[in-house]
Amino acid sequence: MHVARLLPLLLLLGQQLRAASVTEPTLPTVVLAILARNAEHSLPHYLGALERLDYPRARLALWCATDHNMDNTTGMLREWLAAVGRDYATVVWKPEEEARSYPDEQGPKHWTKERHQFLMELRQEALAFARDWGADYILFADTDNILTNNQTLKLLIDRQLPVVAPMLDSQTYYSNFWCGITPQGYYRRTAEYFPTKNRQRQGCFRVPMVHSTFLLSLQTEETARLAFYPPHPNYSWPFDDIIVFAYACQAAGVSMHVCNDHRYGYMNVVVKPHQSLEEEKTNFIHLILEALVDGPPMLASAHVSRPPKKLSKMGFDEVFVISLARRPQRRARMLSSLWEMEISAQVVDAVDGRTLNSSILKHLGVDLLPGYQDPYSGHTLTKGEVGCFLSHYSIWEEVVARGLARVVVFEDDVRFKDNFRRRLERLMEDVLIQKLSWDLIYLGRKQVNPEEEVAVEGLPGLVVAGYSYWTLAYTLSLAGARKLLASQPLHRMLPVDEFLPVMFDRHPNDQYKAYFWPRDLQAFSARPLLASPTHYSGDAEWLSDTETSSPWDDDSGRLISQTGSQKALRGPHLHLTGSSGHSLHPHHRDEL
């Protein structure tokens, strides 16, 4: 009896002892080559990503060089190395602090022949160190390439390829690979590029060029012949570091591959030679905002001191953000986005449609506009739409109560366009110069018939607003807020994005308009728009508390829609005639 009980325990103990005796395979050694110039704006996020790589630091070496800086790149790197350098197998630190620019350089983003050569020499020096140290691999990653996937190094090593790059996303169609190259060494467009970039085909693909971030194996005879500098004896292509190395691989019979089977991270779009470091920084901030929406976000290193942000309201009296308390992730993303752009904002807790019932609505004096139906589905007003309207309404009341001359209103699902802050500031400066009388300016909306909208004379960035959907971002004047409140909309409510076109007399339904007078709101819109929704109906991440909700007068909890109306679609689909009686003209594009 006792033996029968003891036997399973002995068997289990034996299994544990055998498991303990099996040691984990030793991971390959890798040199992380860091070559930085004028990278103060991106270094905190770049270094933070390197810190979070899921790889034993004892198997990693740091080879770090910096030169010709006009900012605090050297100081940041020195601070970071002092904090984390001891955790790595070895550290090479090569700062060049004397020269701030190259001869004949027109600006910090101008690539002269001497600059290309110096970069190639540095990469060659890093490669020589890796070989002498006996490393298995060397990873080159530009300092504005942020590897948000902490498995990147392991995933690339597992491919067992001589030169392999993780495909990086950017603000545009730009990435770190070419699918085609001309006989002269220039970029060639191919049919494969966009399906690869858009991940319509996924895997690892052989390409003639990878650059910016790539892993180079040091374990094969072929790669032992590779060099960044000097160029191959037969080289006659342009004197450019990435093209020189692509030719070296071709001459040595070494294949290059790009992998897009995972989301590895992000890269900043390259600025033009005449552009400034400030413009590059602005681009990188937009990249941070895109990562906050699409995920995973970029996280800065805690071991680097960053310049403090100087928050302001951009010349407005207040910046409001409408956000549901039960959507903390959306609120956090929105506040992080505004912080990155140095915008100070006041959070307004949105009225939650889930908390509304008939008695509350009766107490507030809320009643449905007679005859209102959704222009597509024919459904009535939802409690989510009532909550949204009341949230905006509370801001209009605050604007009037505080006498705020002009404000900005954001919902918490805004995707900001590039250079949002400066473009908005410039737009408002132009409006002031032209002495335009305005009540409301859309910054983000869904245009229904954009071809019918008229440009504002003297203001090329502005149009007279036509019938539009969404209220995700707009500016509002004190006079505009007074007009909206004076119409007493709570007693004849419709969705707020239908109400606004009624008030500037551009709604196609005359029956709705008949209940409001005067309809003299002076409404305009930025063109091009400065904001769009983070997601659309049909996207995996799409979430709406207005589209999917209960009927406004139904306390049973029954939902009107599980999929969202056509208003929330990415495509136009605006050619249908809804049961509400107004038809929507078709148009060929959905311009947000």
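Backbone N, Cα and C atoms are what each Cβ position is placed from, and that goes for glycine too.
Predicted, not measured: the structure shown is a model, and the values here were computed from it.
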Range among 189-192, 549-552, 581-584, 589-592 that Swiss-Prot annotates as motif 'Prevents secretion from ER': 589-592
Might you list, by sequence position, any residue in that chain lying six or more from N234 (N-linked glycosylation site) with a Cβ less than 8 Å away from its Cβ? A251
Can you give me the Cα-Cα distance between N357 (N-linked glycosylation site) and N150 (N-linked glycosylation site) in Å, rounded to a whole number? 47
Including all protein chains shown, what's the count of other C-beta atoms within 10 A of the C-beta of N72 (N-linked glycosylation site)? 18
Quick one: Cα separation, N150 (N-linked glycosylation site) versus N72 (N-linked glycosylation site), in Å? 27
I'd like the number of other C-beta atoms within 10 A of the C-beta of N150 (N-linked glycosylation site), please. 16
Other CB atoms within 10 A, centred on N357 (N-linked glycosylation site): 14
Note the mean pLDDT of the motif 'Prevents secretion from ER' (589-592), expressed as a whole number. 24
